[in-house]
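Colleague: Pasting a structure here, questions to come.
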Amino acid sequence: MHALSLSFSDWAGAGKRGKEEMGMQLKVNCDYLLRPQSNLAGRPFLTRAGPSSFSPSRSSPQFNARHWAERAVGLGLDGPAAGGGVGNRRRRKRSGRSDVVVVASGNAAAPSWDSWKPDKASSAPSLSDIAWPAAGAFAAMAIFGKMDQILAPKGFSMTIAPLGAVCAVLFTAPSSPAARKYNMFMAQIGCAVIGVLAFSMFGPGWLARSTALAASIAFMIYTRATHPPAASLPILFIDAAKLHHLNFWYAIFPGATGCIVLCLIVSSFPSQARMSSEHSSRFF
């Protein structure tokens, strides 16, 4: 063990700079140790005390001690050590020899509070990146409001909360998986049917909500049609007594029908607006 001159207590008591130096020392030593014996002849072996003419063989205790040292500092060649370190093994065969490069990584898991910070985008969104998606959402809700006025005598309404979430997806992240037509319509129709079935089986209450939401998530995963706004449709149907008379018509109205209207609004926007929406999707 004296050849490596490294112990777990040394590693634990060293500061950040000391650990970096030990990691670099271990990398060099491992590089030497894994070369054929003929290539090690006459080469100095690096220790914390300085270069040494000692050249360990693969069967030597010093070579076996290398495995302990790697495990101690989390730089094992065969994969991550128990301590969470990262080892990266790359072999390059040149003229009958095998070079091993040990790459030490000090990147630990990101602190939990990093998720509370805003994402660092390449550049701040421009005025058009903000104005066009906002204008699109305003136009969509205005159109739905006008349709509500027309449908009100018949007891129907197009303005429901899930469509506001769909607006956010289509106008701010049109290139995201949730904005794909297959995902959107498959999830909207399937989750709405699940909501009707859950209400028919369990009636209003927590059991119907829980079952409907769990089934909706399972349905979206199974069909590969992840569309988060659709997960609220079953709960909306169960809690909104004014929608119960729709029964299975709820599968296409107002959720799927509203999505058709939104897709038409998005496609009718100028090309500049669609480009701004594509650019703004990088910030979400």
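Backbone N, Cα and C define each Cβ position, glycine as well.
Below are the features listed in TrEMBL for this protein:
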DOMAIN    124-265  domain 'HPP transmembrane region'
REGION    79-99  region 'Disordered'
TRANSMEM  156-173  transmembrane segment
TRANSMEM  185-207  transmembrane segment
TRANSMEM  248-269  transmembrane segment
Colleague: With helix taken as DSSP H, G or I, strand as E or B and everything else coil, how many residues of the domain 'HPP transmembrane region' (124-265) land in each class?
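Modeller: Across the domain 'HPP transmembrane region' (124-265), DSSP assigns the residues as follows: 116 helix, 0 strand, 26 coil.
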Colleague: List, by number or range, the same-chain residues at least 6 past the transmembrane segment (185-207) whose CB is under 8 A from its CB atoms?
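Modeller: Contacts with the transmembrane segment (185-207): 215-216, 219-220, 223, 225-227, 229-231, 233-239, 244, 247-248, 250-252, 255-256, 259.
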